[in-house]
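Before any comments, here is the structure.
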């Protein structure tokens, strides 16, 4: 059985091959891609088939946007897959094994970036959307999340265009795939795009999970867990749409085409990655741990105020922004609740960060807020010691240690007694006596004995609600690529008819049963089932229509049927092309 936690430090890893970013080059002052350039030579490429976890970026890997802009373009006509086709180009798995649900990540750090005291790469300054600004306030009204239900994917010469977004480098890799750097041409801003394959989610839904207890029913005021992976994704979107806090990652846009397999979630770019890797030989100092933990407290207090339980708090889900503050990410297993607390009975999340009451054999109902407090305690322990408090190579032994083993502190590094007291109270195995968030905010270690008080709940939290009308008004309808090509062709041919209609009908007629020996029509638009006399009655008096069936007229210079119609007599009204008969559907 795969191990849950490894006590060995993460080994050096080989950088994965750039799969898409090499096609993102552009000249200075130009956008990465010229939209709809050369539509006649467009090709559509779609190779995404991954469930992306935004927070699973390579820790310490900065996104060098200058390199992303200056990479050489691909050759014309070369396919641009979103995942490397060569298995040897993928990075090997590292020694870190956080859980059965979380594989190791790989990726290089840019050598041109500077390093902070933790060795984490710091990227150059870049433009951000107002939502990602450090000055954003949770008390400001949030702009409704844009939902696009029509997705146009264009394979151009040097990039892959997804609506207004140009997909570039791979900036992270999670349990189900990759995260792509996305450039928005409308606001000249970089974002992180999370891609989900609905088919793959359904295939992977068979991963072994603990069955619900017999006769279990959701408690009043509690949560009802979604039944399938697709429902979990849409629950994550519903939760993220209503959140607006400096310490919570923001969902900017959702691109969803009901007729296609993929769903795209566009997030603000948190460019410095997770706060730390676990396990590590370089834990944080107490001052650094306090700084990040204060951000975590404010973010969790805000989530609980919005009646949301995160259920997967851990260092890899805490991303460091350009301003140095952390943002909570990955709401894939979150729960919304009614009342004062969530009443839960199922087991989800990362095993090493699960609370003992969630691992009980009796499957009793337990508090959702207490689960987040336990995970916060494990995270704080990781901050200062670089490892989890309970570790084992076997999942069942790990569960046993979490439920019964006493908490121990290593001799090194030596930490303050106040910090030991806080961790001990957060990792209380009894959820009823476990410390709660309001008490954590006032703890002497958190506030430096009152020198650094945290804001009150009223200052930190504002209830955010998005009405259905606001969501409907935020939906953006974008024509598909086929529609754009059709309009382009109609304009080029100066025709108001569908230039592809004839070929489609001919193919359908030849494929219909009983029509294999039917004589080919003399005009491309002629339906096989309409008699010749009916066609003649439908035509207006005048010269006989040419072979293109009235696709143009002499009034349009260069039209496809100029030779068939000729010029009208002087002084006579202009002739109109014959009416095109209505399409008759052939049996299939």
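Every residue, even glycine, has its Cβ placed from backbone N, Cα and C.
Per Swiss-Prot, the residue annotated phosphoserine among 340, 345, 495 is 495.
Candidates 99, 104, 132 were compared with Swiss-Prot; the annotation phosphoserine appears at 99. Between 91, 133, the residue that has phosphoserine written against it in Swiss-Prot is 133. For the region 'Autoinhibitory domain' (472-477), the predicted model reports an average pLDDT of 46.
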